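Below: the structure, in structure tokens.
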Amino acid sequence: MLFKLVTFSRPIQITQTIPLLISQSRRTIARSLSTTSRWLASDDDDTRFDQIPVQRIRNFSIIAHVDHGKSTLADRLLELTGTIAKKAGNKQVLDSLQVEKERGITVKAQTASLVYPYEGETYLLNLIDTPGHVDFSNEVSRSLAACDGVILLVDANEGVQAQTVANFHLARAKQLVIVPVLNKIDLKNARPDAVAQELFTLFEIDPDEVLRISAKIGTGCDAVLKEIVRRLPPPDARREQNFRALIFDSWFDRYRGALNLVFVKDGEIRTGQEIVSCHTGKAYEVKSLAMLRPDERKVDRLVAGQVGLLGCNMRTSKESNIGDTLYAKKDKTCVPLPGFKPQQPMVFAGVYPADQSQHPYLKSAIEKLVLNDSAVTVSPDSSPALGQGWRLGFLGLLHLDVFSQRLQQEYDADPILTAPSVTYRIKLKGAKIIAAHGGNEEIYVSNPALFPDKTMVEEYYEPYVLGTIIAPTECTGPIIGLCVERRAIQKTSINIDNDRIMTTYLMPLNEIVLDFHDQLKSISSGYASFDYEDHGYVPSALVRMDILLNGQLVDELCTVVHISKAQSHAKELVLKLKELIPRQMVQIAIQAVVGGKVVARETLKAYRKDVTSKLYGGDVTRRMKLLKQQSEGKKKMRAIANINVPKDTFINVLKR
């Protein structure tokens, strides 16, 4: 028993206790050490995983509002199952990006396989950590496709928030078993009973089924593991069938190419076997297989029901299509597994190097980041004012912020980002116009400079979202005022409790991409939460607003606005330009034009030399002659001069 205690509890002490065992024979010591090494090796032995039957596998995810303790709970579950050692430094173990640790959010979905003994049986629990923010809902959707149930985590202090509602409906739509859990019950202001009642009011969840835990100190976390085993069903997987697997995430490794995170639906796969992509038809040889615990542990095979990492020498991330089905090459046909609807970018922004000499470096940095984020779209763009750059498409504002921050942190790049815009759908009219656009009756435009004139268009459509706002009741008036100002239409209103109300609005995406969230937080003193989901395109009265400087069109300053806001937006923009453009030798007329009509104008006065300063009396005709000569000179200069608008002016107008 002494040797067993030393080996299992503190293996590092073996060399220190050898003198205590010197009386044993060499054969006994060798036999004991051999037994020890076999036991230690068994933790990495792949047979421990692939010999666990499908009935004892649980694939689950944790979904929650931002900062409700999702990553902290994941840390505790990893510790309780012995996947990682218990230590004070275990914070956001599954969050590997620097931006994730700084912002306290999850951006990329991560996975960890946990071995959990329960009632004399060994269970394999595959934890798939998901992002919490709406912008990364595609990551959530990918993760849930490999799950059979979810833990719905709610802060017992803050209660149900907007993204809690969105995540609940996402899980319900996929018909997943939901285990409700209240976190942070150790806080002084925690109100678990009231929050449990909120869950019943909004989702009809029985308060008696709600678990109460503190992920920070570990209270009640073991009960979560037990309920995962009890409530969640095993995956619908068949090991006797031929191999099929679903790719639900991927990332790029500079040495191994695209690595695929897969859920094995049927059969098994071994290293050296050949597989085929159902989407592209390309064949690959499996180079590596691994379980994530949460670091990679190489295995020889993955079997149905398991989640693991598959490397097959895909050269680019474009070969790895999220939602694609992989199948064995020996099979002649492929029945694809239900995949995902590809996410379309909702917000676009121009990205330009601050110095054009940095263009190649910034291009390389963007290409490397896009390898790991397939949701970003990239197209070349150029501007006379800002030079060569790119127009990038993002899922939302946080997605844009995170991408920009990763450019700065990981590649030390500090680009110019223009104000975000959205994509408009346009229905063209006239056979010639449709033919000029490749025969497409409908086109999508994200660059305002390319927005077609009304004479070419039958109908304009702009993207709308269904927004959910949860806020204190006393803030209802100001919030309604803000939403009405942003052209929002109220759909529903529900009192969660005596102090908070949940309202849903149909609102244009263009009205919320800039500062809506900041304004909402300001008028609610930070207590309101906001979430939105895509609602498709809605017909809208849109106009293109051009900016003219002394009659010359400036493409970089073109914007698309709703006709009801054209006048007010035009006044704001021309006034801002008047303040930013430096005075010059000629007078500058700053005009905002909509449909050929000037809707706002400001005049920037020219520098003027006092040509009469040398006069000291005498005939007034001399004075008039000098002033006339000056006026004619200014007129001639205005006709031939180019207006010099500094680059900084464009940056200040266009930047976020």
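Positions of Cβ are set from backbone N, Cα and C atoms, glycine also.
Residues or ranges marked as GTP binding site in Swiss-Prot: 64-71, 129-133, 183-186. Residues or ranges marked as domain 'tr-type G' by Swiss-Prot: 55-236.
When pLDDT values are averaged over the domain 'tr-type G' (55-236), the model yields 82. In this structure, LYS70 (GTP binding site) is part of a helix by DSSP. Across the binding-site residues listed here (ASP67, ILE185), the residue whose Cβ sits among the most other Cβ atoms within 10 Å is ILE185. A coil conformation is recorded for ILE185 (GTP binding site) in the three-state DSSP classification, outside any helix or strand. Within 10 Å of the Cβ of LYS70 (GTP binding site) there are 27 other Cβ atoms, across all protein chains. For ALA64 (GTP binding site), the number of other Cβ atoms no farther than 10 Å from its own Cβ, over all displayed protein chains, is 25.
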